[in-house]
Amino acid sequence: ACTGIENIDEAITLLEQNNWDLVAAINGVIPQENGILQSEYGGETLHGPAYGPTGHSTAASSAPSSSSAFRHVVPSRQIVERQPRMLDFRVEYRDRNVDVVLEDSSTVGDIKHILENELQIPASKMLLKGWKTGDVDDSTVLKSLHLPKNNSLYVLTPDLPPPSSSHSGALQESLNQNFMLIVTHREVQREYNLNFSGSSTIQEVKRNVYDLTSIPVRHQLWEGWPSSATDDSMTLAVSGLTFPCHRLTVGRRSSPVQTREQSEEQCTDVHMVSDSDGDDFEDATEFGVDDGEMFGVASSALRKSPMMPENAENEGDALLQFTAEFSSRYGDCHPVYFIGSLEAAFQEAFYGKARDRKLLAIYLHHDESVLTNVFCSQMLCAESIVSYLSQNFITWAWDMTKEANRARFLTMCTRHFGSVVAQTIRTQKTDQFPLFLIIMGKRSSNEVLNVIQGNTTVDELMMRLMAAMEIFSAQQQEDIKDEDEREARENVKREQDEAYRISLEADRAKREAQEREMAEQFRLEQIRKEQEEEREAIRLSLEQSLPPEPKEESTESVSKLRIRTPSGEFFERRFLASSKLQVVFDFVASKGYPWEEYKLLGTFPRRDVTQLDPNKSLLEVKLYPQETLFLEAKE
């Protein structure tokens, strides 16, 4: 009112530059000297108070609509940059719809990465279709495509599982066949003869029918598909269609939704009414003028399709119709409504990581309120409001026009917010709708921060949204701090558990190594004992096999041998001179010195007796009548 600034982004930027000091921000835009406001056009001065209706009227009348009325006289004033433009995408994949909100500086690849997390499909396997322009790849910047605010895309995944080997031949033949589909458009009673190859998918058929009938795939209601055709990615060859010709019927699901152009042609005066202030509506009702007859238009001509079906079994389907009807009435620039139950909206807004949590905005619509058209068209669809809601809120909507839907919401409200909030909404009169509830999730309960009625302005709505966001940000910082501390404690505990686990593994490995070492020692000891026992057995056997030692007074020739061991000991024995050298070797072995390990050496001359022929006699090898030998270990 004081500055004539109507761009909310510019106003917020100026407030941020002045640390949210309202007076400083106003004085920075309107220099004041004795009640004189300096205009930026031709040095002209406008006299009058700086605040109040008169000053506002004069300032506003002298300023062009595209800029602020006044400017700071200091030359160093910064130029306010506008925030990036936000684009909304509704992406359809089979029976799922995913809403994506991105800045226009993002790329097509950014959309695929978001869809990869939502649909659990690798980005490399996706074909993103529905672009209005030519070739588009992952590196294409959205801004270069000159897209509208709201866009509809769809994902195709042509990579199908290979057919089983037993039916591969017949299936390949079916894939090469052409099917004639006779599609009847129920509403206009028109037939289309369409040729498709057997390798085409049901999704492609529905897309082609969309081009012919302008019925979106999600709104198509089909009759005639075989019971085996359960998946839109299925090819016609395996879907069970009758070859070569099959009849199908398509219509629009539920109530048909008017296009925006039809709404503008049929309800021109409605928009005329919506552009006026709420006071005009109140004045009209005071004079007994019906809303539909205010400008000479009959009420029946202004009657629209309901925003939401009565007694809808599935809240997601009800929200889909609400979004479609809202777009039909008020255009594509509107908040992105969460499609799903209220509980699912809670999960999306409140139960993620603290840094990812958002406020929940619940819009309660009422068609019978005179404020509804103004609130929706001028405030809820304002680009600044839409952008702010998209960035900071999860927005969920409900239609309170029908009594059944109203009772259903009050039941949900009592369950989630308590009876006090439900009673507050229950007591709201029809002309106080629509309502905008701002909900903040807390540890133990959900708190309603604000209930905004329909008789408000864009600036007031934005201020109340920002006030709620300020409260939420403070709470979010505490939650982030608590979550970080909890994660730090959990990390410490995990590290301690990991260190303890490593210590246990090290102790177990050490114990196992000791056990292995002991087992190896035991094995070696057993081997050593077995070898000793074997050697002892051999020694005893040799000792027993030796011929008896001849006596000194024997009449036969006797050789006396004296043998020195490596330890310095000596042992002597008498042998018959005719005894073989092998008998000496066996005698030495019986004393524990096998000839395989030791060699028997003579002294004069020095010679290795073990190298001699063991079958020769002692006399032949000159070990007669006596000889001194010594034992030496072989290398």
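Residue numbering: from 1, along the chain as shown.
Positions of Cβ are set from backbone N, Cα and C atoms, glycine also.
According to TrEMBL, the feature compositional bias 'Low complexity' maps to 57-69.
According to TrEMBL, the compositional bias 'Basic and acidic residues' annotation covers 486-496.
Annotation source TrEMBL lists domain 'UBX' at 554-631. Along the domain 'UBX' (554-631), the predicted structure has mean pLDDT 89.
What TrEMBL records for 47-73 (among others) is region 'Disordered'.
Annotation comment: TrEMBL describes 476-496 (among others) as region 'Disordered'.
If one looks beyond the region 'Disordered' (540-560) by at least 6 residues along the same chain, the residues whose Cβ comes under 8 Å of a Cβ in the stretch are 572-579, 583, 586-587, 589-590, 618-619, 623-627. For 540-560 (among others), the entry in TrEMBL reads region 'Disordered'.
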How many helix, strand and coil residues does the region 'Disordered' (540-560) contain under DSSP?
-> 6 helix, 3 strand, 12 coil
